[in-house]
Each structure stands twice: as structure tokens, then as C-alpha cells.
Amino acid sequence: MRIGILTAGGDAPGMNAVIRAVVRSAEREGHEVIGIKRGYKGLIEGDFIKLTSRDVGGILDRGGTILLSSRDPRYKKLEYREKAYKNLNEQGIEALIILGGEGTLAGAKLTAEETGIPVIGVPCTIDNDVGGTEYCIGYDTALRNAVDAIDKIRDTASSHERIFIVEVMGRNRGFIAVEAGLATGAELILIPEERFPREQIPEEIEKAKKLGKLHFIIVLAEGYCRAKELEDFLLEKIGDKYGEIRSTVLGHIQRGGIPTHFDRIMGTKFGVVAYESLIAGERSGFVAYEKGKFYIEDFEKAQEYKPIDREAYKLNTRLAI
């Protein structure tokens, strides 16, 4: 079998572990893997490269993706998808493994339906917001990066008795904010799912100061509001009454760096399951992980709402005294 593999959308640490596992599993059993560079863009433009076990040597500890990635809105148009399908046919690709988040998996579903070839997705996103699976590749590393940064910010916030707003990724969901906030002892976590009233934030700061706290850390998911917006609001409401107010956006630092051991191991397991499911005859779906078990889930599930750990959120509120 000739298997195509691509990574699309935002990169996630651990993608290389998935690629390595697929290539080596396939080669061991006499199958061939063709890398498609820059995601759906490469599929449209015919940017293909043969991958061997040597090509994927020494990549487990590398962040990002050796296949490169992009977001290409052209793939939403049938004329460009037909061009991509023509390229697949000319390359003799009989099956696809597609790595990415919700949007990428929606494209994978469409590809499976329109081409009839087997397509298996692997959920890879630092936001951890793909429905139908407990875990998405890249989340653990992003969480580590956020925690490391917030720990460092607390050092300087403490030294200068400041109020710090730290914005983390999470356009629609607060997974990183909740766990990073709990792990670093944030005084307040703000996420789109809970919508803590903005007007009450000055009260929380005042309450903390009365309890003897010398500094105050707010971990803010970008989907709640932007850090500068909240900084301006607090400056208007309380000024520097309780200490200087500063904001920091962690941004893409959360995406990069050496993948954690967990993302390397999970990436390897996700990759092997994706490959084995193709060989076993699966035609369409993505690799899901739930309660210690891997299985193939319907693509539709990827778009379903995935709840955050509200117990963790409430626990942080209880302990932030």
C-alpha cells in the first residue's frame, strides 16, 4: 500500500513522533509512505516526498513538523480539492493519514467522502479541543511551556508586588488556562466557558490584598478577552492602587520547544494505531483516546463540544485565598 501523510493547521509538538511511527510501521511491513508538504497546500500543488526510516531518524525530540504546515482556505473549494485528488491519483496514493485539529479533520472527512479512499485522522492541537477524544497531541508540551513561563512571571511579580495578566492560547476553549492556572497557583483564571464578570475582577484583587497577598496573577484564555484589553480596564478601574498592572501574551512560545516525554509516547502510539487501522480495513475516522484505550472515532465527533475540567476550575477558585 502507498500511504500519504500530511500535517495541516497549527503545528503541535509530537507531530514528528506520529510521522516517525507511521513511516517505520509501514516500512517494516513492506508499505510505502509519501509525505505531503505544507498540508492541504501541498496536496493541491503536488508537493510530495518519499519518506523512509532514515528520513524520520532523530526527530522524536523536535518540535513542529518535518513536513511543514499551513492553513490553505482553497481546500474549501471543490475545484481545488479536485486538483488535489488528481495529484493523489497520479502519485498512486491509496490511503491518507492526516494530522491536525478540528478544521483539518473536517477536511479529512470531506476527502474520505469525495475520493472513497481510506482516510484516518490524528488529533493534533495544543488547544486539546477536538471532540470525541480525551487527548490531542501537543497539549502536554504546550501546558509545560505555559507553566514554565508563568512560574518565571510570578518571580518578578512577587519581587515588585505587581498584578500580572498572562494570556495563554485558547480561542474558544480554556483547557490550557485552567490547568496552567491550577498548576501555578493563579489567583484568578478567566476562560470563555465561565465568563467570570469583568466588573468583579477589581473586587477579587482588593480581597486578595486585604488577605495579605503582595502580588496577583491572572491567567487569561485569549477567548475570554485580550490581555491588553483587560489591562486597560483594570488601569481605568483601580490604577496602581494595589500595585503596577502588567500584561504578557505567551503566544507562540506555547507551540514550540522539545516535546515532553508524554507527547512523544502518545504521538508514537497514535501513529501506530492510525497505521494499523488502515491496514485492518478502516475507511474513515480519526484516532481517539479515552480512559487508556485507543480506537477509531467518526469524524463527526471531532466537531462536538468537549467540556473542560470544571472541577479543576472550581478547585483553583477554592484555593486562591
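Going from the start of the chain as shown, residues are counted 1 onward.
Glycine is treated like the rest: Cβ placed from N, Cα and C.
If you look up Swiss-Prot, you'll see GLY10, ARG71, ASP72, GLY101, GLU102, GLY103, THR104 marked as ATP binding site, on the strength of sequence analysis. In the three-state DSSP reading, GLY10 (ATP binding site) counts as coil. Annotation for GLY10 (ATP binding site): same-chain Cβ neighbours under 8 Å, separated by at least 6 residues, are SER69, ARG71, GLY100, GLY101, THR125, ILE126, ARG255.
As annotated by Swiss-Prot, ADP binding site applies to ARG20, ALA21, VAL22, VAL23, ARG24, ARG154, GLY185, ALA186, GLU187, LYS213, LEU214, HIS215. For the recorded site, ARG20 (ADP binding site), the DSSP three-state label reads helix. The Cβ of ARG20 (ADP binding site) has 24 neighbouring Cβ atoms from other residues within 10 Å, across all protein chains displayed.
Sequence-distant neighbours of GLU102 (ATP binding site) (same chain, 6+ apart, CB under 8 A from its CB) are THR125, ASP129, VAL130, GLY131, ALA302, GLN303. Per Swiss-Prot, Mg(2+) binding site is recorded for GLU102, and the stated evidence type is sequence analysis.
The annotation substrate binding site is assigned in Swiss-Prot to THR125, ILE126, ASP127, ARG162, MET169, GLY170, ARG171, GLU222, ARG246, HIS252, ILE253, GLN254, ARG255 on the grounds of sequence analysis. Over all protein chains present, the Cβ of ARG255 (substrate binding site) has 19 other Cβ atoms lying within 10 Å.
Note on ASP127 (substrate binding site): other Cβ atoms within 10 Å of its Cβ, all shown chains, come to 25. The active site, proton acceptor feature in Swiss-Prot is assigned to ASP127.
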Which chain neighbours of the ATP site, leaving out GLY10, ARG71, ASP72, GLY101, GLU102, GLY103, THR104, have a Cβ atom within 8 Å of the mean position of the site's Cβ atoms? ALA8, GLY9, GLY39, GLY100, GLY107
If you measure between the CA atoms of ASP72 (ATP binding site) and ARG246 (substrate binding site) and round to the nearest Å, you get 36
Can you check which residue among the binding-site residues MET169, LEU214 has the largest number of Cβ atoms within 10 Å of its own? MET169
Least Cβ-crowded entry, counting other Cβ within 10 Å, from the binding-site residues listed as GLY101, GLY103, GLY185: GLY185
